[in-house]
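Colleague: Here it is, the structure in full.
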Amino acid sequence: MTLDLAAFARDKSIKYFMISYTDLFGGQRAKLVPAEAIADMQKDGAGFAGFATWLDLTPAHPDLFAVPDASSVIQLPWKKDVAWVAADCVMDDRPVEQAPRVVLKRLVAEAAKEGLRVKTGVEPEFFLISADGSVISDQFDTAEKPCYDQQAVMRRYDVIAEICDYMLELGWKPYQNDHEDANGQFEMNWEYDDVLKTADKHSFFKFMVKSVAEKHGLRATFMPKPFKGLTGNGCHAHISVWDVDGRVNAFADKEMAFGLSAQGKTFLGGIMKHAPALAAITNPTVNSYKRINAPRTTSGATWSPNTVTWTGNNRTHMVRVPGPGRFELRLPDGAVNPYLLQAIIIAAGLEGIRSQADPGQHYDIDMYAEGHLVKDAPRLPLNLLDALRAFDADEGLKAAIGAEFSSAYLKLKHLEWNAYCSHFTQWERDSTLDI
């Protein structure tokens, strides 16, 4: 039974609803709707000019309506009279096929048709920085190896504990918070869930972290590589696939190597097979490739892959299998679109199952120290353009995630790349002025 948002508002003393959708660039767009108007909005959606956001629409297109999914509603823990609700984009009574949440829901349905239910968890890393974005916010956070630094995490206790308290209140079952590998960097973990719920939570988490940071006079950034020499922001995804009832882990087989079933290996095979193209989605910005292809950081490791390899419980590879029945994809970064991350995982994995893709040889080596010894593993893209070209050339993955989405995404991302290429940098001036 669908939750009545008007009744929810009366019960929770909600004054306003934020009807929110995410565009192709990961931008979160919303209208603030008074509770008195939510009944009509729940039925018809909130109207937007689609051209005004990144969805590959023109000014001539009719209104885009964001129809709230009542099952996703969250009362803001820090502002109780406002509720946030994720929405699906509709135009002329039809889904907008390139809209990220629509793309994900279609792939969830495809997996269900094959008797599969995908569950994931994400680990979004972020920096707490000054309000102007110029430096990390804690002037005393200067250790060469700051990961898990007890003093540093407690100096930001007010921010981290407030966010964690809100996750506890929302029933997300958070289980740990830590200072990450870069100065000023943090990670907060909560329990895995069905992919759509994980994507909605991921989207809300970014909104919540930024809001709480602003409340404390700070700024939170999920930018992949905001500071030269420091470890970048990853967004590792832990993936498992279950039967449609969510009771039997289809990836788990104690008799198989790494505890990963034959079906799990073909799903992983799809991830490995399509990895260079996958990067166009999991690493969607120019800055993303400053993380993937970074030299050694201050701490001694980038903690990000640059080669398409997999392993057991070893964090130097693109895919880690830490235990039976699941694997960790370490490729995505903090700029990844919460909905497209989950969508591309399902698309590549299902294509892998259908084609019986082999994940190839696993490696037990330290890729940071010995990666040069691996001669036959593909390198990940050097930059966004290489990733876009890999995605455009991967007809199987484009078909799996959807032709309308693929066309719109490639068009807009090529425009972004071209804008970057026309930008004049200080490096060019320093390197060329006196030639």
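Every residue gets a Cβ built from N, Cα and C, even glycine.
Dumping what Swiss-Prot says about this protein:
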DOMAIN    12-94  domain 'GS beta-grasp'
DOMAIN    100-435  domain 'GS catalytic'
BINDING   GLU123, HIS236, GLU328  Mg(2+) 1 binding site
BINDING   GLU125, GLU180, GLU187  Mg(2+) 2 binding site
BINDING   GLY232, ARG291, ARG315, ARG330  L-glutamate binding site
BINDING   SER240, ARG315, ARG320  ATP binding site
Colleague: Taking 10 A as the limit, how many CB atoms besides its own sit near the CB of GLU328 (Mg(2+) 1 binding site)?
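Modeller: For GLU328 (Mg(2+) 1 binding site), the count of other Cβ atoms within 10 Å is 21.
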Colleague: At the Cα level, what's the spacing in Å between GLY232 (L-glutamate binding site) and GLU187 (Mg(2+) 2 binding site), rounded?
Modeller: 12
Colleague: How many whole Å apart are the CA atoms of HIS236 (Mg(2+) 1 binding site) and ARG330 (L-glutamate binding site)?
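Modeller: Cα-Cα, rounded: 5 Å.
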Colleague: Count the residues of the domain 'GS beta-grasp' (12-94) that DSSP assigns to helix (H, G, I), to strand (E, B) and to coil, and report the three numbers in that order.
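Modeller: Helix, strand and coil residues of the domain 'GS beta-grasp' (12-94) number 17 helix, 35 strand, 31 coil.
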Colleague: Round to the nearest Å and give the CA-to-CA distance linking GLU328 (Mg(2+) 1 binding site) with GLU187 (Mg(2+) 2 binding site).
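Modeller: Computed Cα spacing between GLU328 (Mg(2+) 1 binding site) and GLU187 (Mg(2+) 2 binding site) is 16 Å.
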Colleague: Identify all same-chain residues not among GLY232, ARG291, ARG315, ARG330 whose C-beta atom falls within 8 angstroms of the centroid of the L-glutamate site's C-beta atoms; report them in sequence order.
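Modeller: Apart from the listed residues, the neighbours are THR231, GLY234, HIS236, ILE292, THR302, TRP303, SER304, PRO305, LEU331, ASP333.
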Colleague: Given a separation of at least six residues and a C-beta threshold under 8 Å, show me what packs close to ARG320 (ATP binding site) in the same chain.
Modeller: TRP310, THR311, GLY312, ASN313, ASN314, PHE327, GLU328, ARG330
Colleague: Tell me which residues of the chain lie with their Cβ under 8 angstroms from that of ARG315 (L-glutamate binding site), as long as they are six or more apart in sequence?
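Modeller: Once residues fewer than 6 apart are set aside, ARG315 (L-glutamate binding site) is near TRP303, ARG330.
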Colleague: Compare the Cα of GLU123 (Mg(2+) 1 binding site) against each of the binding-site residues GLU180, GLU187, SER240, ARG291 and report the nearest.
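Modeller: When the Cα distances are compared, GLU187 comes out closest.
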Colleague: Can you tell me the three-state DSSP label for ARG291 (L-glutamate binding site)?
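Modeller: ARG291 (L-glutamate binding site) sits in a helix per DSSP.
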Colleague: The domain 'GS beta-grasp' (12-94): mean pLDDT?
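Modeller: Computed over the domain 'GS beta-grasp' (12-94), the mean pLDDT is 98 on the 0 to 100 scale.
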Colleague: Which has the fewest other Cβ atoms within 10 Å: GLU123, GLU125, GLU180, GLU187, the binding-site residues listed?
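Modeller: Taking GLU123, GLU125, GLU180, GLU187 as the binding-site residues, the minimal 10 Å Cβ count falls on GLU123.
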Colleague: Just report the maximum Cα pair distance in Å for the recorded ATP binders SER240, ARG315, ARG320, no decimals.
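Modeller: Pairwise Cα check on SER240, ARG315, ARG320 gives a maximum of 18 Å.
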Colleague: For SER240 (ATP binding site) and GLU180 (Mg(2+) 2 binding site), determine the Cα separation and express it in whole Å.
Modeller: 25
